[in-house]
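Features reported for this protein in Swiss-Prot:
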TRANSMEM  13-33  transmembrane segment
TRANSMEM  88-108  transmembrane segment
TRANSMEM  139-159  transmembrane segment
TRANSMEM  163-183  transmembrane segment
TRANSMEM  210-230  transmembrane segment
TRANSMEM  247-267  transmembrane segment
TRANSMEM  277-297  transmembrane segment
TRANSMEM  298-318  transmembrane segment
TRANSMEM  340-360  transmembrane segment
TRANSMEM  368-388  transmembrane segment
Amino acid sequence: MYTISKARRLGKCFLIIDNMFVVIGFYVVFPLISIYFVEQLGWGAFLVGFALGLRQFIQQGLGIFSGAFADKLGAKPMIVSGLFIRTLGFIIMSVANTPLLLCLSCMLSALGGTLFDPPRTALVIKLVRPWELGRFYSVLMLEDSMCAIIGIVLGTWLLQYNFKLVCFTGAILFFIAGVFNAWRLPAYKISSSHASLLEGIKKVLNNQRFVIYVFTLTGYYILSAQVMLMLPIRIHEVSGQLSYIKWMYIIEAILSLLLIMPITWWSEKYFKLETRLMVGLITMIISLFPIGLVKNLHTLLILISLFYIGSIIAEPARETLGALLTDYKARSSYIGFSKLSLALGGTVGYSGSGWLYDIGKEQNFTQLPWIILSIIGLITLLGLYCQFKYYSFQSLLNNSHNKKRKL
């Protein structure tokens, strides 16, 4: 028992260190793509949004297949190869002077992500007990916020000199992560079943509750995608200065440090997972609606802060609900399939909002994308409410607690 507990502790420490490299490497590059290509080079927001959406669709849309391979081959080869492929994608992005090259670099980044993301997430479910998932996800969110601010501050500083430096820095960080995983990651098997790839996929598709929940979250991810596209563009529009973009992520880091753990502990005690997810989503919708009308930077940052608070409330509950519905016999297949909503949400969120931004700019109607985003959020909220009304996900968590008591 001690050996198992020690393995879990060491595994969680590894996940936290690995997550640091991946998150910093991501945030050094991706939040600045829209600023560099749209604001500095003058490319259309739809074009850049399409490239970002393509990256999201490929990475998350192919997740079910990469997850099935990870169930069969184990986590290590998938994670290591994925990290190195993303390194190559960032190197190509550094010389992207045409839309074709930008799309190619995003596709390679996506391919890398689709290889390493499902098995990394499955390792969390394997190494963390169900009743500890909510708090561990909160720890990861806290780390994500701190690493995001490090990445974006570093990226914006490098962007003053050269976008190539931004991309090379991201590439180096992912290369280090790849070497670290090749060196230290044990050859974990993340599925307890020896079923074929197709059997793993069929197992997921037969779980109707999980499938409906996943696709309903598409709208949630459409809203979340704006952190990488529309929110940075709006801050640059209102402030007129590139340096103010980093304040988005500074605010996120401060709010995460102050609120993630207290909100998680308090809400776990008094509210169901379903309630926490819906309250967080409502907060996000309320914050997004007036953004196109705001002309003052301080007011804009307050609304963005409210958006982050909504995410802080919703995200641990969303992650835990998804994890509770997975089958330990096909963990990566489940995680991979769950990325489909992120794929659809990212594709529509990036390209759709970029297209609406271009139309709104032409028609002098800057509120257009924010109105549509709010409507999408309300539809998503209604879909979640209908699911939660007829089925209590909280019962799954209670079953896990009962197992804990028996142990």
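Cβ atoms are placed via backbone N, Cα and C, with glycine included.
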Mind checking which residues reach the transmembrane segment (247-267)? Cβ under 8 Å, same chain, six or more beyond either end.
27, 31, 134-135, 138, 141-142, 144-146, 148-149, 151-153, 227, 231-232, 235, 276, 301, 304-305, 308-309, 312-313, 316-317
Go through the chain and flag residues at least 6 beyond the ends of the transmembrane segment (210-230) whose CB is under 8 A from any CB in it; none is fine as an answer.
30-31, 33-34, 45, 48-49, 52, 56, 204, 248, 281, 284-285, 288, 311, 314, 318, 321-322, 325-326, 334, 337-338, 340-342, 344-346, 348-350, 352-354, 357, 369, 373, 376-377, 379-380, 383-384, 387
For the transmembrane segment (340-360): best-contacting stretch of 88-108, 298-318, 368-388, by Cβ pairs under 8 Å:
368-388
Stretch in 88-108, 139-159, 163-183, 368-388 most in contact with the transmembrane segment (298-318), if contact is a CB pair under 8 A:
139-159
